[in-house]
Amino acid sequence: MFRCWGPHWGWVPCAPTPWLLLSLLVCSAPFGLQGEETRQVSMEVISGWPNPQNLLHIRAVGSNSTLHYVWSSLGPPAVVLVATNTTQSVLSVNWSLLLSPDPAGALMVLPKSSIQFSSALVFTRLLEFDSTNASEGAQPPGKPYPPYSLAKFSWNNITNSLDLANLSADFQGRPVDDPTGAFANGSLTFKVQAFSRSGRPAQPPRLLHTADVCQLEVALVGASPRGNHSLFGLEVATLGQGPDCPSVNERNSIDDEYAPAVFQLNQLLWGSSPSGFMQWRPVAFSEEERARESALPCQASTLHSTLASSLPHSPIVQAFFGSQNNFCAFNLTFGAPTGPGYWDQYYLCWSMLLGMGFPPVDIFSPLVLGIMAVALGAPGLMFLGGGLFLLLRHRRYSEYQSIN
């Protein structure tokens, strides 16, 4: 209803009706009145034993709650997210147990009774497809090459990339075993950033964030593809909600000021709000400048249940949740067989938000509100003016008295 499929890669504007504009304006108005919460956010690398380990803890303290995000590249890159109803909750790490074959119980948020929500997200594999003979929108988008297991990557020491001023840190990795030299000049980077207040990043897709979220930016740079038209993707796994998987939905908007020609926002929700959520726009970029010309479509497969034994093992997920868990997985693929692609500059970047509480809701920008006011106001003024004209004309004729 809000988008049309363009000739090259994505969505182009469709003309909405005035009634649609009015309904969207009315529906979005309450969200524009919601308050913004500021949190005291700290970011630290938890010291490992006996050697430094990549365990990043983000603690966001609000007026009566605390959010914990624990990111790690022990095994595949993963994050454990925990929301508590106290400002005093703390993270406890048992390093000797965490680095053991059975790390269950090594990671805790105390007091346990304060935990209101917890889940995890694991980035298990880097996917690559040969899209030479693939059709638009096909799933999978071509013949798959053997995937790269992210549990078999070597990751940098994140202490060297820790930026406390911007509340960010980079996990940068390469395969431990790279017989073809595909990553000789390349790397895969997971950039994590936290926020103490609401706002938008300077670069597209400029997702609206609050103090309740972290942003993850995934960048594949300089790696040699195994084909002339390779498409890349990520396999993502999360904990199921009992026997069921989290829900995935799409939200549409007529406002594309912050992400030109992209009118859709995808959401993964763990249960009903307020709980946890993952948000992203279905767009990636093949150039560092992230102009519209370098935009790539991002497609998500259906979320499905999967066996834990089929996924790379995540020590921090087992450390917090134990070994008996139901997992759900889905794939994200970036690009299409035609148009711009990773092959242009050997660059791919995609962003998402991960948070707890109520997902951020976009309100209409001043520019779009002005356009809507004109679109809705002009017909109304014409109708009002026409009515006044007819009324005055009727009164003029009714006051006329014949001289006879």
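Even glycines carry a Cβ here, placed using N, Cα and C.
Summarising the annotation, Swiss-Prot assigns signal peptide to 1-35.
Per Swiss-Prot, topological domain 'Lumenal' is recorded for 36-370.
For the recorded site, Asn64 (N-linked glycosylation site), the DSSP three-state label reads coil. Per Swiss-Prot, the feature N-linked glycosylation site maps to Asn64 (among others); the stated evidence is sequence analysis.
Residues or ranges marked as N-linked glycosylation site by Swiss-Prot: Asn85 (among others). Cβ environment of Asn85 (N-linked glycosylation site): Asn64, Ser65, Ser114, Gln116 lie under 8 Å away, each six or more residues apart in the same chain.
Residues or ranges marked as N-linked glycosylation site by Swiss-Prot on the basis of experimental evidence: Asn94 (among others). Secondary structure at Asn94 (N-linked glycosylation site), as computed by DSSP, is coil.
A simple way to gauge crowding: the CB of Asn133 (N-linked glycosylation site) has 10 other CB atoms within 10 angstroms, across all the protein chains here. Sequence annotations record features per position, and here Swiss-Prot assigns N-linked glycosylation site to Asn133 (among others) based on experimental evidence.
Swiss-Prot lists Asn157 (among others) with the feature N-linked glycosylation site. All protein chains shown were included, and the count of other CB atoms within 10 Å of the CB of Asn157 (N-linked glycosylation site) stands at 15.
Its Cβ taken as reference, Asn166 (N-linked glycosylation site) is surrounded by 11 other Cβ atoms within 10 Å in the chains shown. Annotation source Swiss-Prot lists N-linked glycosylation site at Asn166 (among others).
Taken from Swiss-Prot, the feature N-linked glycosylation site applies to Asn185 (among others), supported by experimental evidence. DSSP classifies Asn185 (N-linked glycosylation site) as coil under the three-state reduction. Around Asn185 (N-linked glycosylation site), the same-chain residues at least 6 positions away in sequence with a Cβ under 8 Å from its Cβ are Gly222, Ala223, Ser224.
In the three-state DSSP scheme, Asn228 (N-linked glycosylation site) is classed as coil. Annotated N-linked glycosylation site per Swiss-Prot: Asn228 (among others), in sequence order.
The N-linked glycosylation site feature in Swiss-Prot is assigned to Asn331 (among others); the stated evidence is experimental evidence. Long-range neighbours of Asn331 (N-linked glycosylation site) (same chain, six or more residues apart, CB within less than 8 Å of its CB): Leu127, Pro140, Gly233, Leu234, Glu235, Val236, Ala300, Ser301.
Positions annotated as transmembrane segment by Swiss-Prot: 371-391.
Annotation comment: Swiss-Prot describes 392-404 as topological domain 'Cytoplasmic'.
Per Swiss-Prot, the feature motif 'Lysosomal targeting motif' maps to 400-404; the stated evidence is experimental evidence.
Nearest neighbour of Asn94 (N-linked glycosylation site) by Cα distance, taken over the glycosylation sites Asn157, Asn166, Asn228: Asn157. Ranking the glycosylation sites Asn133, Asn157, Asn166 by Cα distance from Asn228 (N-linked glycosylation site) puts Asn133 first. In this structure, the C-alpha atom of Asn133 (N-linked glycosylation site) lies 40 angstrom from that of Asn157 (N-linked glycosylation site).
Between the alpha carbons (Cα) of Asn157 (N-linked glycosylation site) and Asn166 (N-linked glycosylation site) lies a span of roughly 18 Å. When Cβ atoms from all protein chains are considered, those within 10 Å of Asn94 (N-linked glycosylation site) total 15, not counting its own.
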